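Per TrEMBL, these features apply:
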{"type": "BINDING", "residues": "K16, H142, K174, N274, G278", "note": "1D-myo-inositol 1,3,4-trisphosphate binding site"}
{"type": "BINDING", "residues": "K57", "note": "1D-myo-inositol 1,3,4,6-tetrakisphosphate binding site"}
{"type": "BINDING", "residues": "R81, K131, 163-174, S189", "note": "ATP binding site"}
{"type": "DOMAIN", "residues": "92-305", "note": "domain 'ATP-grasp'"}
{"type": "BINDING", "residues": "D257, D272", "note": "Mg(2+) 1 binding site"}
{"type": "BINDING", "residues": "D272, N274", "note": "Mg(2+) 2 binding site"}
Amino acid sequence: MPERRFRFGYVLASKKVSSFIQDSLINHAQENGIDLVPIDLDKPLIEQGPFDCIFHKLYGPENPTAIIVDPIDAIEKLHNRLTMLDVVNELKIAGDNETIGIPIQIFVGENSESLLDAITSQGLHFPVIAKPLIANGSADSHQMSLVLKPEGLEGLKPPIVLQEFVNHGGVIFKVYVAGEHVKCVKRRSLPDIPEEKLGILENLISFSQISNLTAQDQNDDSFAELIEKAVMPPSRFVTDVANQLRDALKLHLFNFDMIRDEKVGNRYLVIDINYFPGYAKMPNYETMMTAFFLDIAREKLNNESR
């Protein structure tokens, strides 16, 4: 690549700036010819550019040659929990033994007469996970609940999405995607719920982040051991799923949460997809993101040479 520098402008919420645009990322990108530049929305873009790439959601005629990461209409498709996972069922994964799918889920609107009737008619069984319909990153969109018994439905306020809860060994696989770069990490998740415990647990358990709920009878050491022993899904399978999702979603920056069915060990389920996730939670995220930035820079050079 020619020895020129590339200016990547970004427009991010202050919370995302503090978590993602860390000094380690800025320095690593600079060492590789990428300058990360904040865009001031109170000033004309033409006075701040030109930019070789702009992320996250700003585009206009003042910088028509910039590569935009990512299209707003593609991002908005992930804001609806009922439809965000539809694309998973369209994937053509040729794994050795592994299969990919999604849990059973239904939408319950404000005018629905009976939550219990909606569940039974669609073949759902308790426990189920109740999620707000809208997934836009707001605090309200993270107000999820685990419903263990029919009585727990009384505490829910539609519109909501009810999703099948599948025992998955208390481990979730978070797969981060940045263009063609894919990284899978293990995190602790909801603990398995044996049928014999359903009768003694509460009807409804609320939590702010589904992947952060911890079992009351397990300590940090036991969770760490659980995570350490968990077998990662085959890397070829993970990459294949990630690449096909990237193409289908038409997005560069996203992650998806995947679990492994405890009853069918080679059955994997995608339970959530998020745009521009917390990449900084990954070890050495600077390396992955800078590699992605360089891919964009090469694309920009190719466009300029045409």
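Residue numbers in this text run from 1 along the chain shown.
Placed from the backbone N, Cα and C atoms, the Cβ positions cover glycine too.
H142 (1D-myo-inositol 1,3,4-trisphosphate binding site) and N167 (ATP binding site) are 21 Å apart (CA-CA, integer value). Spacing of K174 (1D-myo-inositol 1,3,4-trisphosphate binding site) relative to D257 (Mg(2+) 1 binding site) is 5 Å (Cα to Cα, whole number).
Most Cβ neighbours within 10 Å among the binding-site residues H142, K174: this distinction goes to K174.
Counted over all residue pairs in K16, H142, K174, N274, G278, the record's binders of 1D-myo-inositol 1,3,4-trisphosphate, the longest Cα to Cα distance measures 19 angstrom. When the binding-site residues H142, D257, D272, N274 are ranked by how far their Cα is from the Cα of R81 (ATP binding site), D272 comes first. Of the binding-site residues K16, R81, R81 has the largest number of other Cβ atoms within 10 Å of its own Cβ. Cα spacing between G278 (1D-myo-inositol 1,3,4-trisphosphate binding site) and S189 (ATP binding site): 17 Å, rounded to the nearest whole number.
Per Cα geometry, D272 is the residue among the binding-site residues K16, H142, D272, N274 nearest to G169 (ATP binding site). Of all the binding-site residues in the record (K16, H142, D257, D272, N274), the one with the smallest CA separation from S189 (ATP binding site) is D257. The shortest Cα-Cα distance between Q163 (ATP binding site) and any of the binding-site residues K16, H142, D257, D272 is the one to D272.
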